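Annotated in TrEMBL:
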BINDING   ASP132, HIS243, THR245, GLU403  Mg(2+) binding site
BINDING   ASP132, ASP408, HIS412, ASP449, HIS450, HIS525  Zn(2+) binding site
ACT_SITE  SER182  active site, phosphoserine intermediate
Amino acid sequence: MTHEEDTIEQRNVLGLLLGKISPYYNNINNNGGTKILYPVGLSLRSFIPPLRRLSFPVLETVHDRLYDLHCRFSRSPQFLHSPTSVVFFPLAEQEKEPKFWNTWAQRTLKNALTLETLNRNTAKNLILFLGDGMGVPTVTAARILKGQLNGQSGEETQLEMDKFPFVSLAKTYNTNAQVPDSAGTATAYLCGVKANEGTVGVSAAAVRSQCNTTEGNEVTSILKWAKEAGKSVGIVTTTRVNHATPSASYAHSVDRDWYSDNEMPADALKDGCKDIARQLFENIPNIDVVMGGGRKYMFPKNTSDVEYPGVAKHSGTRKDGRNLVQEWIDKMRNKRGHYVWNKKQLLSLNPTSVDYLLGLFEPADLPYNLERNTETDPSLTEMVEVAIKILRKNPKGFYLLVEGGRIDHGHHEGKAKQALHETVEMDRAIGQASLMTSIHDTMTIVTADHSHVFNFGGYTVRGNTIFGLAPMMSDVDQKPFTSIIYGNGPGYKLVNGGRENVSTVDYQDSNYQAQAAVPLSMETHGGEDVAVFAKGPLAHLLHGVHEQNYIPHVMAYAACIGQNREHCFTSSGSAVLPHLPLLFPITEVVKPLNQ
């Protein structure tokens, strides 16, 4: 075929496909199109003959166009959580041809060569996506799940983070722990300093739970550096806003569990330590956007929750009698500040008329995305979209921390399905942020604080559901086993003295606890390195294997904020890098032995 003939054929086939599919996507309402009926039974197998007439590059282009359409519709939870019968293209036939793989590899090579021209712009905006507990096995499994939710076999799918051009590894250990926790790691990737487990916003000189080791050991975060540079700043999380990850942005606490004064020992209060919820409002004035859970820690003890009135576990916890939410509302009354506690209130806001936003959508953590009430609880993607619309109004740019925090909780509970769907939702939020920003002036980083003892294997065949069984029985106990397994956790079960037979339970259930090798009430973190995906200005500085605390130094350098700004003073305003200045001062000079 000539190129012109290719184009005509491509248009004809694309028109055929879209014409056949469009009637199935019906019932789109007038306020955003969120109610979409799943196209049950739709199959594209009948389109295989005309598709086989196309050359591979044209076929792939058609596939991409249709897939983009599919993804726009697939935001509906009803769509995503339905079993799919959509078959897009006969890729298995294509994969038998060496040309398929050679063409793909050559295209990838061509794209890689474009990276020889480095993006040396100054980063106006900074976005850090943190998948709590999102180790490399979780990334891979979520990729497969995303593909399978979209009717593909899954392995060949690209996550949004997979599209980032630069990938490196971060070493996650805490100063006193080989296998880290989320507090010490948050201090590393937000404050640039490694710290002890269980502490946030303090150096390793501070001792966990010892209040008198706080003063003098505080360290500041990139959120504060950005705020001091005049940028707008925001925090979005699916956990409590005073949980380990977000709290390292603004708090200095020797104990990550001091959510309110109710959780603090009397001697710590006597010695003058502040709870984390209080520090959210006092340490860094006027954080522009804060969204997540943790409502109960902001209200006086026994104050009934607005959403769950009369439910004691959701009532306020504060002993000091302060209503931190009302204090914030009063403070922001004439500053275009808005407080919201449900999805309807959030989505009814006009971001152009909002300068400050406090959104507390649950008393504690937000529900898992699979269990989310889509009428009352916003998704991570929805929160990110609103946050960026508010923050990007600042001509000096913004810094935004986004945490997919419940990936970690799903793994701790041995509930792989919950954890992986949380990861897919965070990836969807990454895609939304990409649509709203530009790689020319926005550095975006996706990483994890630590991993988990989660993995999958068992020689499963291509396209095997990620939550399915391995294709063989154990040759030891002659019982089936799921591909997904944990090294330890609550999934360890004995029945009649032997391993539970998984064929007798619903291992596809959202709350199924995958089998574990060692019995624990809660599964543990893993200690291996985590991936760091980067794009935008100076993203190439994230390469190789680095200490986790290197991350905020790179982000600050790219944005010309924080301590290392000598390279920023150029006539063009670009961040020119003749060489990378030392990020840390040399404090000792080694003298020759003969002196």
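Residue numbering: from 1, along the chain as shown.
Cβ atoms here come from the backbone N, Cα and C positions, even for glycine.
SER182 (active site, phosphoserine intermediate) is 9 Å away from HIS525 (Zn(2+) binding site) when you measure Cα to Cα.
For the pair ASP408 (Zn(2+) binding site) and HIS243 (Mg(2+) binding site), the Cα-Cα distance reads 12 Å. Other residues of the chain with a Cβ within 8 Å of the Cβ centroid of ASP132, ASP408, HIS412, ASP449, HIS450, HIS525, the Zn(2+) site, are GLY133, ASP181, SER182, ILE407, HIS411, ALA448, SER451, HIS452. Counting in whole angstrom, HIS450 (Zn(2+) binding site) lies 15 from HIS243 (Mg(2+) binding site) by their C-alpha atoms. For HIS412 (Zn(2+) binding site), the spatially nearest entry among the binding-site residues ASP132, HIS243, THR245, GLU403 is ASP132, judged by CA separation. If you take the Cα of SER182 (active site, phosphoserine intermediate) and the Cα of ASP449 (Zn(2+) binding site), they are about 6 angstrom apart, rounded to a whole number.
Cα separation, HIS243 (Mg(2+) binding site) to ASP449 (Zn(2+) binding site), rounded: 13 Å.
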